[in-house]
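According to TrEMBL, the protein has these features:
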REGION    1-83  region 'Disordered'
COMPBIAS  45-67  compositional bias 'Low complexity'
TRANSMEM  127-147  transmembrane segment
DOMAIN    159-270  domain 'Phosphatidic acid phosphatase type 2/haloperoxidase'
TRANSMEM  159-177  transmembrane segment
TRANSMEM  218-239  transmembrane segment
Amino acid sequence: MPAHQSRSRTRDRNNVLNRPEFISLNQPLARSNAELRSSSRRKSAQASQLKQPQSQQEPQQQLPQQPNGNTRDRKESAQQPEEDCMQLNPSFKGIAYNSLLAIDICMSKRMGVCAYKTSSWGSVRSMVTLLAMTGHGVVWIVGTLICLTRSSTLAGQEVLMNLLLALILDIMTVAGVQKLMKRKGPLEVNPGFLDYISMDMYAFPAAHASRATMVSKFLLTHLVLAVPLRILLVLWAFLTGISRILQGRHHITDVMCGFALGFLHYKLVEMVWLSSNACQTLISIWTFSWTPFFN
C-alpha cells in the first residue's frame, strides 16, 4: 500500500467532521425507507397505468389532483385558528345577548307546564287553552263583525269599525314579523287550526299578547266601564299572554314584545282614527256587496 493513501486514511479518522453526527453537514441525508417505498409504489402504479387500456386509465387520471386538494385543506386549516379566536373572544354585547337568550329559553321551557297532558300542570291545560282562545284573532274579528251588524247607533258603529281595522292591522303586522323572524317556540307544540287561519305559526312576537293589549287599551279608552271591570280587563290581557307561555308556544321575550307591539298598534289606530262619515262609507260599501247574498 502506498504511503500517501495510509496517511489520507489516518487524516480522515482524526478529522472531527467525519464522525456520524457531522456527516449530515457534509453530504445530503439518504432517503428514508418510507420515501423509497412510496417512490417504488409510484413507479409500479405508473407501470400498471401503462399496461391498462385507456378505458381504465381515465378514472385514474384524477389522482394527480389530490395534492392540490391537500394544499387547500392545509391552507384552510391554517386559517381556522384565527376565525376560532375571533369567535372565542366575542364582544361584550355578544356575550350579554347570548346570556340573556339562554336565560330566556331556559325559563320559558320551565314555565311550559301546560304544554302536554302529561305535564306537571296538565290537569288545568283545558282552562289555560280556553283563556288563550279568548285572545285569538279569529274570535275577535267574528265577534266585532256580529256586533257591527247589530249596532244601530253611529257612535257604536264608529268604534266597532275602528276596532275591526285595528284587529286586521294587528294580524297582518304580527304575521309579517313572525314570517320574517321565523323563531320557533321553546317546546315542540304544533299550532292549531285557528292558528293557521290567523297565520300565527311562529313564536316571535306573541300574537295573543299583542292583540289582548291592543283590545284592552282600546276598550278602556272608548268604553265607560266600572273600576272592577277595568281591573279585570287589564288582568285578562296579562293572563292571556302568560297562558301562551304556559302552553309552551312562546318565550318570555316573545310575550313582552307582543305587549309592546299591541300598545304601538293602539297608538297607531288613535293617530289614524276614522271619522263617522268614513265609517259609514265603509259600512255602506260592505252592505252593498253582501246584501244580494243574504236576499
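Placed from the backbone N, Cα and C atoms, the Cβ positions cover glycine too.
Model, not experiment: these values are computed from the prediction.
Proximity of distant same-chain residues to the transmembrane segment (218-239), defined by a Cβ-Cβ separation under 8 Å and at least 6 residues beyond the stretch ends, is recorded for 131, 134-135, 159, 163, 166, 209, 212, 259, 266, 269-270.
Below 8 angstroms of C-beta separation, residues 114, 121, 156, 160, 163-164, 167-168, 170-171, 194, 197-198, 200, 207-209, 211-212, 215, 236-237, 239-241, 243-244, 246-247 of the same chain, each at least six residues beyond the ends of the transmembrane segment (127-147), sit close to that stretch. DSSP states for the domain 'Phosphatidic acid phosphatase type 2/haloperoxidase' (159-270), grouped as helix (H, G, I), strand (E, B) and coil, give 83 helix, 0 strand, 29 coil.
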